[in-house]
Amino acid sequence: MEINEEAMAAHKRAFLDFLDQDVGKGVYMQAVRDMVQNKRHRLIIGMDDLRNHNLDLARRVIRTPGEYMQPASDAVSEVARNLDPKFLKEGERVMVGFSGPFGFHRVTPRDLMSSFIGTMVCVEGIVTKCSLVRPKVVKSVHFCPVTGDFLSREYRDITSFVGLPTGSVYPTRDDNGNLLVTEYGMCEYKDHQTLSMQEVPENSAPGQLPRTVDVIVEDDLVDCCKPGDRVSIVGVYKALPGKSKGSVSGVFRTVLIANNVSLLNKEANAPVYTREDLKRMKEISRRNDTFDLLGNSLAPSIYGHLWIKKAVVLLMLGGVEKNLKNGTHLRGDINMMMVGDPSVAKSQLLRAVMNIAPLAISTTGRGSSGVGLTAAVTSDQETGERRLEAGAMVLADRGVVCIDEFDKMNDQDRVAIHEVMEQQTVTIAKAGIHASLNARCSVIAAANPIYGTYDRSLTPTKNIGLPDSLLSRFDLLFIVLDQMDPEIDRQISEHVARMHRYCTDDGGARSLDKEGYAEEDDGDANAAIFVKYDRMLHGQDRRRGKKSKQDRLTVKFLKKYIHYAKNLIQPRLTDEASDHIATSYAELRDGSANAKSGGGTLPITARTLETIIRLSTAHAKMKLRHEVLKSDVEAALQVLNFAIYHKELTEMEEREQREMEMKQQADHDAGATGGTVDGHGSSGNDPMDVDVGSNDQNVSAERIEAFEALLGQHVLANHIDQMSIDDIEQMVNRESTAPYTRSQVEFILERMQDANRVMIRDGVVRII
């Protein structure tokens, strides 16, 4: 709209007064000096400073920005010319942008309604499309060969705030009818680009299409963001006429004309930590059963699958990403796949990840294409220009992508995610566009076997039906089987029945996956951490004494714990952990070479070595440690061993592992504090060093447990089912600090035979 010169001059004086007497003691005058010195042409004004100086002016800038954008630009340009007369050319202006709090005018693309048209808004979202940067003519210069005169003409479109829009036709003749020649070298242009901004996936309404708004950026704001970036854009929301350039239909196209673009980090919706939260997190990390606690807290409505839940926890925590000086990128994100029979809660586990992970995007194999997962080059319907559109994996940068029905995806589409899973980038080279986008995300996929149900007579590779090049990119591959066991079936049926019978106090059904259930308050100090025990909901599976009612964390606290450990803890490998990883990897390689063909779900390759490092680092994050210890490597090997060979550790091995973790945690805490922590002080006596006595058969329970642990670990690592007594004696004495006599070895083996754990015949011990 046209503004009279008197009002323009008054608005300009108001901004000059703001620049001369700004509250920040000359902050903006210094900003103008820096702008002139660095040859920039945009000044950002904070709304808080403008409100403190003139509240009425700040309100009018937001409500009617069309009246104040040009006076603000003229005021800043005048100050810049006073500092340096040569800074601006004739007719050139300094552009002005705004930042800071906008109150009710801080919205998402879904909240942009007709009431915001003509006002200044701050919109937050994620960039999904970017057009090519095109020049737009601002001033054309024409030469008349007959008269020898030059003729210039300025152009303004509907997006301009200065004056009324002009026509876009080039003049071909002057007023006397003489032909004109356009001097393209003397014309003035400015860059412009169109963006498409969509509401962030985690905040979009379920069951509704995400809303999108077109953004027009010009001059220095072009190419300031790329598809997948989360941005906060301040601009004027305007209505533009359609292609017919008329308003007969009464339908207009709305755009956001930006004056300031700010990049947001990936954790824009990060939780807020209190001092009490940090204290409780450290208490949880010092527990011996932290891994089991987090695993049980994830999707408590799903019965069993504890090892898979533990793996999902490690996946959400992730390892440590490394970018070496030579340009090598080592990914820290963990990829995981579940293959198994129908009705084993694979999809429900994916939904649990969607509920817990800070950023997660869900797709399906049949409903997703290769370009939909990575990136696509599309054409603008109005201009016909090529645009780069981000896919699900680019939008989930620094998050998790959940792909259900992975086996239903076409082979051509499945190949498209190979680069993402290993290099964590999406490279596009088509239609004249060559670009590389970041897709640093974890992938968790669920698939059914190729025959519908898992055929135990075939190898895992033949059951899965996916190429090895894709399977090797998954760090963990779990075979989830529908076990036909009457006892397990009874427990599952009781668990499902309790889920359906669970009601609130008023008799209504209550959601089991929402935070309302998780934050149920029982008046206790730990109410915000642990879920209140309910016999109908949790059943009778309570163990371990007094702490039995506090073995599940609330959803809210679990989100905080995972977010804190993932982003603020960056562990590094110790020498002891590195040596143990190398030794364990060599044993896995040797075991896979000696095992039968197809004995494991995944081949043991160099990627498996990186998998052990990532899992160990994730476990150290879970324990809130800044160093990866040997116990972290052991926990990672347990998860990896279950994924590859589908074998769980025995109770004896679990007890040995817990003792190792407790000892290393106590040593680590004592080294950090210089004293004892939680009553676990350093002692000169090892718990395994006991007095055997004069009688060889007087073996303590600790020595028996240590013997059984050594034997179990050796059998598990080498995948053997029988050994001679001589070999067992040599092995345990080689690994143990206190040697065992022959009679002690035979005595312990006889005890194990009485417990039906081994069978001894002709000097050969067969493991049952």
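Note: Cβ is positioned from N, Cα and C throughout, glycine not excepted.
As recorded in Swiss-Prot, the features of this protein are as follows:
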type: BINDING; residues: Gly340, Asp341, Pro342, Ser343, Val344, Ala345, Lys346, Ser347; note: ATP binding site
type: COMPBIAS; residues: 661-670; note: compositional bias 'Basic and acidic residues'
type: COMPBIAS; residues: 672-682; note: compositional bias 'Gly residues'
type: DOMAIN; residues: 290-497; note: domain 'MCM'
type: REGION; residues: 661-689; note: region 'Disordered'
type: MOTIF; residues: 472-475; note: motif 'Arginine finger'
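In the three-state DSSP scheme, Ser347 (ATP binding site) falls into the helix class.
Following the DSSP three-state reduction, the secondary structure of Gly340 (ATP binding site) is strand. With a cut-off of 8 Å between CB atoms and residues at least 6 apart in sequence, the same chain places Asn448, Gly452, Thr453, Asp482 near Pro342 (ATP binding site), listed in sequence order. Summary of the ATP site environment: with the site residues Gly340, Asp341, Pro342, Ser343, Val344, Ala345, Lys346, Ser347 set aside, the chain residues having Cβ atoms within 8 Å of the Cβ mean position are Ala446, Asn448, Val480, Asp482.
Close to Asp341 (ATP binding site) in the fold, though at least 6 residues off in sequence, lie Asn448, Pro449, Thr453, Tyr454, Val480, Leu481, Asp482, each with a CB less than 8 Å from its CB. The Cβ of Ser343 has fewer other Cβ atoms within 10 Å than any other of the binding-site residues Ser343, Ser347. Under a cutoff of 8 A between CB atoms, and with a sequence separation of 6+ in the same chain, the neighbours of Lys346 (ATP binding site) are Met338, Gly340, Asp404, Ala446, Val480. Looking at the domain 'MCM' (290-497) alone, the prediction's average pLDDT is 80. Within the same chain, residues at least 6 positions away in sequence whose Cβ sits under 8 Å from that of Ala345 (ATP binding site) are Ala299, Ile302, Tyr303, His305, Val480. Sorting each residue of the motif 'Arginine finger' (472-475) by its DSSP state yields 0 helix, 0 strand, 4 coil.
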